[in-house]
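Here's the structure we're looking at; comments come further down.
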Amino acid sequence: MNVLDRHRISCATLGRVLFCSFFLGLIVFFAVDSVTTMYTITWVEDVCDELAKTDLFLIIGALFVFGFVSPLVGIPYTIFPCASGYLIHEKLGNFWQAFFITLLLASTAPLLGGLVAFFMGRGILNSWATRMKERFKIFAAIENVLGEKKESIQIQCLLRLSPLVPTALINVALGCTSNCKISHFAIAFLFGGTVYAMPLSYVGCLFNAATDLETNDDLSLDSPLGLAIAILGAIGSVLATIMITWYTRKKLRALSTAYEASFVFEGDDEEDEEDEEEEGEHAILINV
């Protein structure tokens, strides 16, 4: 190993340490602040209140930018639909209008950011994405089936529906795979992301409705009908999220297990072929 290779390895190690330390520091800061001074929560509430006082189009524009940037910087996808639903319902006051606009935002803005991350995985982040893909076995398992349209879209939809795999990692890792087509990526992102955003958007709108019981909305919680629909919707959203997580985890685990089994069988076949070749050479020597 020459001096240049050692320098590259040391720089890469330093970059990973700084990157992990930064995010670990943020997590520790938010955790400590949430149980002590609560400066972060207060700041977020102030920002939401200021956005709610502005024009609706400015709110939608700001949320669209936030949804576009989220997949690029690694912000969890769960935050965007919930925050959008809360702010838009605060401005509109109508539950279903807010839910529809939130779902539309959650389906389009992250898709555009995901496409940028996809091409970054094929370009400047290819080496990093390759290492991350090797670390997560599920990407090695799905790479073999990405060439087929039906299987590719189904597998990518499962990844979108699973909260166990970070969205930012999915976008970049799929970008560095050779079999993933951009059309399959966009279709799976749009469908899987929309389905996953439905209960989250509902919860965001419902949370705002629950904090303001004096609205004149037709789903206001001070009416028996509104209260019943809100309770049923909340229970349905929680159950839907649990079922989606359970189903996708089961399918992805089965796919990973099948990949490992096929890898073992291929290894056994190679060993059997080597044994047959050795036996054949031994028989030839005996005959001679």
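Yeah, the Cβs are placed from backbone N, Cα and C, and that goes for glycine too.
Bear in mind that the values here come from a model prediction, so they are computed numbers and not experimental data.
Marked as domain 'VTT' by TrEMBL: 75-204.
What TrEMBL records for 22-44 (among others) is transmembrane segment.
Marked as transmembrane segment by TrEMBL: 56-79 (among others).
Positions annotated as transmembrane segment by TrEMBL: 99-125 (among others). If you look at the transmembrane segment (99-125), the same-chain residues 6 or more away from its ends with a CB under 8 A from one of its CBs are 60, 63-72, 77, 80-81, 84-85, 88-89, 92, 167-168, 171-176, 182, 185-186, 189-190, 193-194, 197-198, 200-202, 204-205.
For 187-210 (among others), the entry in TrEMBL reads transmembrane segment.
Per TrEMBL, the feature transmembrane segment maps to 225-247 (among others).
In the predicted structure, the domain 'VTT' (75-204) carries a mean pLDDT of 78.
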